[in-house]
Amino acid sequence: MQVVNVATLPGIVRASYAMPDVHWGYGFPIGGVAATDVDNDGVVSPGGVGFDISCGVRLLVGEGLDREELQPRLPAVMDRLDRAIPRGVGTAGVWRLPDRNTLQEVLTGGARFAVEQGHGVALDLERCEDGGVMTGADAAKISDRALQRGLGQIGSLGSGNHFLEVQAVDRVYDPVAAAPMGLAEGTVCVMIHTGSRGLGHQICTDHVRQMEQAMGRYGIAVPDRQLACVPVHSPDGQAYLAAMAAAANYGRANRQLLTEATRRVFADATGTPLDLLYDVSHNLAKIETHPIDGQLRSVCVHRKGATRSLPPHHHELPAELAAVGQPVLIPGTMGTASYVLAGVTGNPAFFSTAHGAGRVLSRHQAARHTSGEAIRASLAKRGIIVRGTSRRDIAEEKPEAYKDVDEVIEASHQSGLARKVARLVPLGCVKG
């Protein structure tokens, strides 16, 4: 029903799309994609982005570090990561911002500002969506409450399904694409999944309320109040997009800071540098140009729980990846595989694909009959080390709470949304 409701939004073009990992969400389904024609009454809807604005994934690749080489040191590495990575609801981050002026630099500069402050290298930005910074951000469109929530959380995982996972490449499907990505069987990687924390949540909350009140002024009626929306070109629409871009930059800076904390752990424990393969959001609305009915049109592409998947030779790709397409990072669960895919030509859903396994059990249902300690012990028997803030958090994220990620990936591959490059298996997980 949510996919159908999205199809009624003013200005929608082509279709309302559901990705293979689709499940129920706020307004839009999680795993939903829709584009609206911004010059023909197209709207923007915060429900099409979600509360965790710019929640996304980045993958770090261990330069010359093999799974067998890491194995004896893995417990020590996980203990160090456990201490180095802040997480949990309301947790303070690794970077203590001195004042709101510095926060505003983060909101407008994203990962680029973090790198300029010494938290990374210039090459990192070449491997980030939009070069690590989304233009159009305006902190003046953000409430004091949202700013206050963002001030102390930069550089932290948060809670829920967010994580930092040490992985190893288990299988390579496409050696030609895997080579420039630095992926070979046995290669150690680190996947980071988090977003814009309390700041993004508050921005969504604030602008949903504003749009609920504003829709009448624009003559808009929606079948579900959670689909509150306004025209992209309206003052309300521009205010949301400016605030959303600021949250996107916060999320990108957040992952950049966690990257540096992780690099320090690996440098100290293994002497191995970690190179950034790619960083991409899966909760975002972006103004893009796409062919619609034979003409190039400016559209607002909502991707909620959906990963951008650019094809080979797209102008936004770094030169060394242009021939193979954008790396698409799709995490599984604590006990299952994650995947690296690549974008393909002809993707019908505005170059979008899945973002994860997709929930089948609510958090309450997942935790009802299982203890976090039992899950931790079960994973330990399989050689997977788990570090979590609470037993309930671990129970809520048990593998059985999600769809079979292998089936989600196969559906993405077979339907022409992306192609398989490599399969990664978990070695250790720091849970948010």
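The backbone N, Cα and C atoms fix where each Cβ goes, and this holds for glycine too.
According to Swiss-Prot, the residue from H193, H207 that belongs to the Mn(2+) 2 site alongside C55, H282 is H193. Record check: Swiss-Prot places D52, C55 at the Mn(2+) 1 site, and the matching candidate among H23, H119, H162 is H162. Within 10 Å of the C-beta of N283 (GMP binding site) there are 29 other C-beta atoms, taking all protein chains into account. Under a cutoff of 8 A between CB atoms, and with a sequence separation of 6+ in the same chain, the neighbours of L164 (GMP binding site) are L81, I85, L157, V190, M191, I192, H193, L258, T262, C429, V430. Most Cβ neighbours within 10 Å, among the binding-site residues H162, H193, H282: H282 holds that distinction in the structure as shown.
Listed binding-site residues near H282 (Mn(2+) 2 binding site): C55, H355 (candidates C55, H162, T333, H355; Cα-Cα distance within 10 Å).
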